[in-house]
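Per Swiss-Prot, the features are:
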- 1-24: signal peptide (SIGNAL)
- Cys335-Cys363: disulfide bond (DISULFID)
- Cys409-Cys415: disulfide bond (DISULFID)
- Cys519-Cys547: disulfide bond (DISULFID)
- Cys523-Cys544: disulfide bond (DISULFID)
- 1203-1223: transmembrane segment (TRANSMEM)
- Cys1352-Cys1355: disulfide bond (DISULFID)
- 1371-1413: region 'Disordered' (REGION)
- 1398-1412: compositional bias 'Acidic residues' (COMPBIAS)
Amino acid sequence: MVSFFKTPIIIFFFLLCLNEKVLCSINENENLGENKNENANVNTPENLNKLLNEYDNIEQLKSMIGNDELHKNLTILEKLILESLEKDKLKYPLLKQGTEQLIDISKFNKKNITDADDETYIIPTVQSSFHDIVKYEHLIKEQSIEIYNSDISDKIKKKIFIVRTLKTIKLMLIPLNSYKQNNDLKSALEELNNVFTNKEAQKESSPIGDHGTFFRKLLTHVRTIKENEDIENKGETLILGDNKIDVMNSNDFFFTTNSNVKFMENLDDITNEYGLGLINHLGPHLIALGHFVVLKLALKNYKNYFEAKNIKFFSWQKILEFSMSDRFKVLDMMCNHESVYYSEKKRRKTYLKVDRSSTSMECNILEYLLHYFNKYQLEIIKTTQDTDFDLHGMMEHKYIKDYFFSFMCNDPKECIIYHTNQFKKEANEENTFPEQEEPNRQISAFNLYLNYYYFMKRYSSYGTKKTLYVHLLNLTGLLNHDTRAYVTSLYLPGYYNAVEMSFTDDKEFSTLFESLIQCIEKCHSDQARQISKDSNLLNNITKCDLCKGAFLYANMKFDEVPSMLQKFYVYLTKGLKIQKVSSLIKTLDIYQDYSNFLSHDINWYTFLFLFRLTSFKEIANKNVAEAMYLNIKDEDTFNKTIVTNYWYPSPIKKYYTLYVRKHIPNNLVDELEKLMKSGTLEKMKKSLTFLVHVNSFLQLDFFHQLNEPPLGLPRSYPLSLVLEHKFKEWMDSSPAGFYFSNYQNPYIRKDLHDKVLSQKFEPPKMNQWNKVLKSLIECAYDMYFEQRHVKNLYKYHNIYNINNKLMLMRDSIDLYKNNFDDVLFFADIFNMRKYMTATPVYKKVKDRVYHTLHSITGNSVNFYKYGIIYGFKVNKEILKEVVDELYSIYNFNTDIFTDTSFLQTVYLLFRRIEETYRTQRRDDKISVNNVFFMNVANNYSKLNKEEREIEIHNSMASRYYAKTMFAAFQMLFSTMLSNNVDNLDKAYGLSENIQVATSTSAFLTFAYVYNGSIMDSVTNSLLPPYAKKPITQLKYGKTFVFSNYFMLASKMYDMLNYKNLSLLCEYQAVASANFYSAKKVGQFLGRKFLPITTYFLVMRISWTHAFTTGSHLITYFDPPNTNPSTLPNCASGKNKSPESFFFTHALAAEASKYLFFYFFTNLYLDAYKSFPGGFGPAIKEQTQHVQEQTYERKPSVHSFNRNFFMELANGFMYAFCFFAISQMYAYFENINFYITSNFRFLDRYYGVFNKYFINYAIIKLKEITSDLLIKYEREAYLNMKKYGYLGEVIAARLSPKDKIMNYLHETNDDVMSNLRRYDMENAFKNKMVTYVDDFAFFDDCGKNEQFLNERCDYCPVIEEVEETELFTTTGDKNTNETTEIKKQTSTYIDTEKMNEADSADSDDEKDFDTPDNELMIARFH
């Protein structure tokens, strides 16, 4: 018990621990996608309020404008920027004539370019004000435009970025310096506000004159264009006007304005007039803009935040420190929303449910910034999956930091990442810092000088991974409240580029512009307010101010020079030849746009930001945040095209695809080649490597009868048949719960049922199925190489003269073994007559007619026995590069290609590549080499190993490169094209759906079907139509090939970082492939019963009419009235009986007969429930000692076998029984037969319904009928088995004793073998070891039966004897006397005690000369 004085201490520590947990819980739940809160119990309103109340509003404001650490770091960065501007190689801006009129030279330093040159350039100083830097930025842009060329492009970008950063720093230092001098928070905020209200040169007149008149004329002009029917492209006319602008020079493209400072000042003025000055000067930088919008909120609501304190206030840095979902909760508190975001639902859904019409523009902008900062964070984390380490969005911020430094520095402690081997290995760069064995941990990873140095020195040359590491380093600092990271973020391009993520809607640029026009129309009709004339932070900015200001900012011109909007539109439509901004954005990385054209002028990002805020579809009627979330809602809908929609009817898709391919213009493939990079064709060739030659597989498959069987063994079956049988066996085993348990030992299945009963769980090894097939394939090849003639050629002769075919066999199996984990098998139809021109025409016509009849009356399942099966591997890195480039080409040319036409154009391109491999193929189609694909070099066996591998690849690529490569390409392309894959991957990552992936009947679960049925996605979306032929038409190997389709999909999903979908395909490779094959076989036969089903349907309709009206609809079915008394009233058809439609007992007698047969067929089909191997094999186990005189049964596959017909009979008995009882149920099944089963979408959902409802009723029926008898049979079988084991054990324990006693009493020297002592012991020992014992004990043994539970593991057991009967040993072996003993001795002999008592008796050397039989008897006694 705790003493009294210790109690307060314990309570104190308990409270500390509780507080620690509460503080950590705020970061516990990361919000994926759209910030879904996964753990509502942790972040309850009570817990969150308790935590947030700890933060004082004034302290939070002080952290922004009274923070000494922030002030110090900003000052340090300012000095670093000023120093770098002085030492910059780009000595601009130059001091020219008229420059002094633009800026105050006294606040700048003048520097000569060289000592011998009179030209001077100016650099700002610490005394330069914010307005001075604004003018300085105008000068730099003016002169950069004039001198621009590609050689100095990176230098210009770098200078523009750091000057913009310097301007931001100057603005951030204004309230910090003011508070430091006056120690007054409000006056510091007012000092910041004065920057935008007390402009030095305030213009009295607007650049566009009267605003009302301007917009009135604009709307009249827009209305005129829309009403003019002669104008075809109205959207382009609205943007470009009457002037047709051609592609401009690079400097016109790269900069938003021309080299005119006055025009730049006019842009500043126009944004200032609409209250957008803050956005104009800062740009859409996520950190900087958010910082000042929060300060603007602080000034506007100063009384509520800091005097009354009835609303919570948080600094921008503190908001970013929270988890993704909690950031919105904090924002709701700051914006005084009545409904604070505490829901588990997505932020979009909860935001749109509440009336947000009164929300201020500042809160709308913060909503936008937080939403895309969350997306930026997730994008950075997602991109790490392309590297050697993975992060995930659910990680707490501390763990993200630790995980990052553990990866970069091999230690969670901070280090300078630029000095680590992980960073250096991305490229060979010269390191200007001294080499160190261990990363320097004395200097912080967020050191301002080091990060700025490497940014200026190396950033422009960084690749994707290094740029990612730099931004991820800064992100970890922001998430963990590091002020230095907060300051460093000001110059990182990724925080500007995040605006690009908002252009995800698949709409043309002109359509987005029309939304902006609609916003202006709505504002002009609703109100006519006067503009503010400045960007006073106290002013309320409305949506109308935003729309009008954005329009003017984007459309202002100077001297007939195109506006920003026109430049950007021309760049898209004529430069890049695309119509959608999203097509451009999808090809860019959001954290490294430093290398694209937008980085030449940061105002491009400002233009995109303002244009995005005002171009949402519903912006005219909703505020910015509502319009943004409504736009995202549209993006969430599945992009259902003919390529991506897996429910699209496959016959229509097939014929449409073939039609598009046939009508593709001849020059379209040439155009695609021109759009590709020079080395892409070579990459395409290297994307696949063929390993298992088709002729190699055919030797074990189609030509298996020609192979010599091993001595004493039957001839082997075709390899594809063996593989198909293994899949069928797995399917038969799965319902009994033995799915992939002990896959390496197929004979252990008999014991599994007992393990289940004994609760010894055996976990399934579902991802190991390929190893089973490997053993079967290797066994088939080994048997081939064991043939006598193969041994003579391959093993006993010089390999130099070996047959080409044998060498090809050996190379194929070696390549398969060496690349086992990566090998995939595809197949094609093997129709030999099709490839031989000598085939008579009538035979070809006959085959075609037979195929047509076979397909029309069902489907084409099992039409061919064998297929052409070959193995290959995918070079994932190269293929990913190829697909990324082609996908980018498609996005940039959607005006030329549709998704289907682009796919078929790529297929034709692959056909061209395939033709380049055909140099060694003969021209005549009748050639046997071409028919069986033995088109390798004539001297193939004499080549070295590397050359032979190339021959195999070229041989297979000459026929199957296009089909195989296109299958892999379409998988990746259609996945990237769909906007549903991200959500699908997240759905299968949820705990409730993880079990679907490992389920053996996932195809019958609602989640599997609702989330897209990966089986249908593979067959109807991810793969081309021709890929369905082998998985349907082949009798042997179709399931094996389909499982490899799943494995290819798994690899493709893994390449795109969809880990959950990758695992789903891997785990469902067997179960779903088996289901598909079985479904096709059942569908084929089911459709053959169409005439019979139709006949009974017509008869049923007639009887239904008789039940309802009293007379038959068709008189043929009216029973004769010869003896009406023998027929029930309802059956005679003369009386109405409407209730018989639901249930009738009139045919109960007939139904009972069918129920009887249904019951007995269930006994046969459901025997696996209690007998894992079936009832027959279970009985045979009792006669294993009798050799079975029968032939080996042919392995079963998915076809019409005995079980199939038993199931068919079972189905007939079920139908005849229950259809006769209830006509309503019969009609329900008719609807399924005629409609549901013929539409894949309906059939999949009906399968789920059938499982949970109809099958449930059938299971309950079986439980009270056939299952009872099966259980009784199982119990009886076990009792018989136990009784048999009992007899065996008794006999096994008595047998050695009987033999010894027989030896003792019935010894015949003439017959007895004269065995020596040790031979006899070994003989008895072996006998004891081999009998069946299993350490069983007998219960309720009588006194005379106790010996049954006694065992001796080291010596034989003898009968209980009287001591008087013991034998005595004498020197004469023929004289044996017995002596009576009155007392019994134990039958168990303790050999250890015996050795201790008399070691002489156990000495073999001493007794060596004694006869063996006498020595043995003496040893027993």
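Each residue, glycine too, has its Cβ placed from N, Cα and C.
Given the structure is predicted, the values throughout are model-derived calculations rather than measurements.
Scoring each of the disulfide-bonded residues (Cys363, Cys409, Cys519, Cys523) by how many neighbouring Cβ atoms lie within 10 Å, the top position goes to Cys519.
Candidates Cys335, Cys363, Cys415, Cys519 (disulfide-bonded residues) were compared with Cys544 (disulfide bond); those inside 10 Å Cα-Cα are Cys519. The secondary structure of Cys544 (disulfide bond), as reduced to three states from DSSP, is helical. A 10 Å radius around the C-alpha of Cys547 (disulfide bond) takes in none of the disulfide-bonded residues listed as Cys335, Cys363, Cys409, Cys415. Cys523 (disulfide bond) has Cys363 as its nearest neighbour among the disulfide-bonded residues Cys335, Cys363, Cys409, Cys415, going by CA to CA distance. Ranking the disulfide-bonded residues Cys409, Cys415, Cys519 by Cα distance from Cys335 (disulfide bond) puts Cys519 first. Cα of Cys415 (disulfide bond) to Cα of Cys519 (disulfide bond): a span of 51 Å.
Ranking the disulfide-bonded residues Cys335, Cys415, Cys547 by C-beta neighbours within 10 Å puts Cys547 at the top. Cys519 (disulfide bond) sits 52 Å from Cys409 (disulfide bond), taking the CA atoms of both as reference points. There are 19 other Cβ atoms within 10 Å of the Cβ belonging to Cys544 (disulfide bond).
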